[in-house]
2 protein chains.
Amino acid sequence: MTQPDFMAIAFEQAEKAAARGEVPVGAVIVGNGAVIAAGGNETRLRNDPTAHAEIVAIRSACEQLGQERLTGLDLYVTLEPCAMCAAAISFARMRRLYYGASDPKGGGVEHGGRFFTQPTCHHQPDIYSGLGETRSADLLRRFFAGKRDA
Amino acid sequence: MTQPDFMAIAFEQAEKAAARGEVPVGAVIVGNGAVIAAGGNETRLRNDPTAHAEIVAIRSACEQLGQERLTGLDLYVTLEPCAMCAAAISFARMRRLYYGASDPKGGGVEHGGRFFTQPTCHHQPDIYSGLGETRSADLLRRFFAGKRDA
């Protein structure tokens, strides 16, 4: 599978989140060319403000692997991670971060405190952005437009 | 119960974490003068890099209350929250944050990206620091000194 294939799986998760009435963000964790875990935003479903797509996927992968670090694994997510998720990706020692749309309102990678650039960040993944950017932004725009019309 | 009483409960959680071999940080969530939830760092126990004391306590409180926001509730934690926990506290819409020692190495409130000061932060609690600062710093120092000697 290729990078666009993995991002397509992240988009499936984002679409499922939207169908549940959750902010549509999806994530997938990949190791050795295979999907290890995938998840969408579940903050409402779980009544858990920390259940962003990235955190759902990280916790699932850690549980499956029985370890608190995901060294060598890559994360694909449809939206720029927030500060919480950026820090979690760092704590999990992930290898690469691929994300879709930028998030000027809530992002923590190229916006806000830019977590990975701080001296308090002790591991940073290689970062690739813009993969599926238009689709990700459209998905969010449609979701929030629907909310306003409702 | 008073603020020092609540911080004492957070310290009990930190001591329990240390006894499990976890970085000794503890947290407690308080509403209307009563303890709603308490937790210590459990990243090793749960194989979950996101299981910092604050997140453990927030998840527990949200689960008990059946809601993803902790509006009006206060968090006591023995150490300055990292960026991940600061963002989670904000997402949970908590009222007040009380913390013990500053954490120049990993803190995200008065260090690093200073999450609550960013335009990407959409709710900030009232913040009170230095409560039990010496005890918190001593606890961490003893823990890491023990690690080095082991």
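Note: Cβ is positioned from N, Cα and C throughout, glycine not excepted.
Here TrEMBL flags A:1-110 as domain 'CMP/dCMP-type deaminase'. Over the domain 'CMP/dCMP-type deaminase' (A:1-110), the average per-residue pLDDT in this prediction is 97.
Marked as Zn(2+) binding site by TrEMBL: A:HIS52, A:CYS82, A:CYS85. The C-beta environment of A:CYS82 (Zn(2+) binding site), restricted to residues of the same chain at least 6 apart in sequence and closer than 8 Å, consists of A:HIS52, A:ASP103, A:GLY106, A:GLY107, A:GLY108, A:GLY112. In three-state terms derived from DSSP, A:CYS82 (Zn(2+) binding site) belongs to neither a helical nor a strand segment and is classed as coil.
Residues or ranges marked as active site, proton donor in TrEMBL: A:GLU54. Around A:GLU54 (active site, proton donor), taking its Cβ as the centre, 32 other Cβ atoms fall within 10 Å, counting all chains.
Once Cβ contacts within 10 Å are tallied over all protein chains shown, the binding-site residues A:HIS52, A:CYS85 are led by A:CYS85. A distance of 6 Å separates the Cα atom of A:CYS85 (Zn(2+) binding site) from that of A:GLU54 (active site, proton donor).
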